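Working notes for the structure below.
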Amino acid sequence: MRRAKITIVGAGNVGATCAHWCAAAELGDVVLLDIPRTEDMPRGKALDLMQASPIMGFDSNIVGTTDYADTADSDVIVVTAGLPRKPGMSRDDLLATNAKIVTSVAEEIKATSPNAVIIVVSNPLDAMVQQMFKVTGFEPAKVIGQAGVLDTARYRTFLAMELGVSVEDISALLMGGHGDTMVPIPSCTSVGGIPVTQLISKERLDEIVDRTRKGGAEIVSLLKTGSAYYAPAAACAQMVEAIVKDKKRVVPVAAYCDSEYGVGGYYVGVPVVLGSGGVERIIELSLTDEETKAFQNSVDAVKSLVSTMDGLLAE
Ligand SMILES: NC(=O)c1ccc[n+]([C@@H]2O[C@H](COP(=O)([O-])OP(=O)(O)OC[C@H]3O[C@@H](n4cnc5c(N)ncnc54)[C@H](O)[C@@H]3O)[C@@H](O)[C@H]2O)c1
Ligand SMILES: O=C(O)C[C@H](O)C(=O)O
């Protein structure tokens, strides 16, 4: 049986770190691609990573390239191509530039890896994954966006810090778009099986949710030159693992929802079963009235962003 072929488009901070996690976990062979303008940079990063393998004891081939021919017939493609935000910017400020970049990447993927599962990371996430789906024309289950794994990891980290317990014992769910409108689901958040609401007051939980919503901006304001990449890349690697090992992980991802949750044909963060076919099932929860309202608000924000993007691309 051949190893999985994992392509990562964009060899910047998230892309190169994702290549690192995927190779170190021996998820498959990795192709790291960037634009020709970067010249030898992807090859340099790939070679550097390969030279770490005898020390760290992993066995993955890592190739750097600027040529999509090297990515042909990939099983999974992680798309990190695009600008990151800087302090003072919102993710939505990246819309015009990154929509064009994601469109061009989608055309290349369509031509070279027609059977791949694509994980979009570029921001603003929910609009970028919608654009990837539209341009490739791939089946919706095979085009997904990474946001929820990162957002819930942040939430779990903050909860563990608050309670002084292991992050491993915290299980949580956030739904909706990757932005200020993300929706916490307290009934699906527990600590060693104990509902979080029995351990933290509503007021404190609201503060932790608020910090989570602003988690990306907090890192941007600390780094100053770009945005988070270790945790985002780890989130992508977890999704790649679920796909290449057909793990059937239950994780929140940006998935194409049509009748599901009454979304009507947009990408939004929902819990799914993630396996070799991509999104194998969307899990529909019954939400409280308050959660339904917050989720609808988030979906409306995504729809509005997609509409702005379509207008910009039509100009
Ligand atoms: N969804 C998430 O949770 C999440 C998390 C972190 C970052 N992001 C987003 O991911 C993107 C990348 O972030 P980063 O920190 O790695 O940025 P970065 O600037 O370090 O890397 C981006 C790379 O993309 C490359 N690139 C640009 N156009 C390309 C094209 N057409 N084809 C291939 N490569 C291209 C650039 O040359 C650069 O190397 C940003 O849009 C950022 O906002 C999303
Ligand atoms: O905040 C950003 O711009 C990057 C990413 O979406 C994140 O949440 O870290």
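A Cβ is built for glycine as well, from the same backbone N, Cα and C atoms used for every other residue.
According to TrEMBL:
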type	residues	note
ACT_SITE	H178	active site, proton acceptor
BINDING	G10, A11, G12, N13, V14, G15, D34, N98, V121, S122, N123	NAD(+) binding site
BINDING	R85, R91, N123, R154	substrate binding site
DOMAIN	5-145	domain 'Lactate/malate dehydrogenase N-terminal'
DOMAIN	150-304	domain 'Lactate/malate dehydrogenase C-terminal'
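Among the binding-site residues G12, V14, D34, R154, no residue has its Cβ under 6 Å from any atom of ligand 2. Looking just at the domain 'Lactate/malate dehydrogenase N-terminal' (5-145), the mean pLDDT is 98. Long-range Cβ contacts of V14 (NAD(+) binding site) within its own chain (separation 6+, distance under 8 Å): T80, V121, Y229, P232, A233, C236. Checking Cα-Cα distances from N123 (NAD(+) binding site) against the recorded positions (R85, R91, R154, H178) with a 10 Å cut-off leaves R85, R91, H178, in sequence order. Note: the CA-CA distance between G12 (NAD(+) binding site) and R85 (substrate binding site) rounds to 13 Å. For the binding-site residues R85, R91, the largest tally of other C-beta atoms within 10 A is found at R91. Closest to R91 (substrate binding site) by Cα-Cα distance, out of the recorded positions G10, D34, H178, is H178.
Looking only at Cα atoms, G10 (NAD(+) binding site) sits nearest to R85 among the recorded positions R85, R154, H178. Pairwise Cα distances among R85, R91, N123, R154, which the record gives as the binders of substrate, peak at 19 Å.
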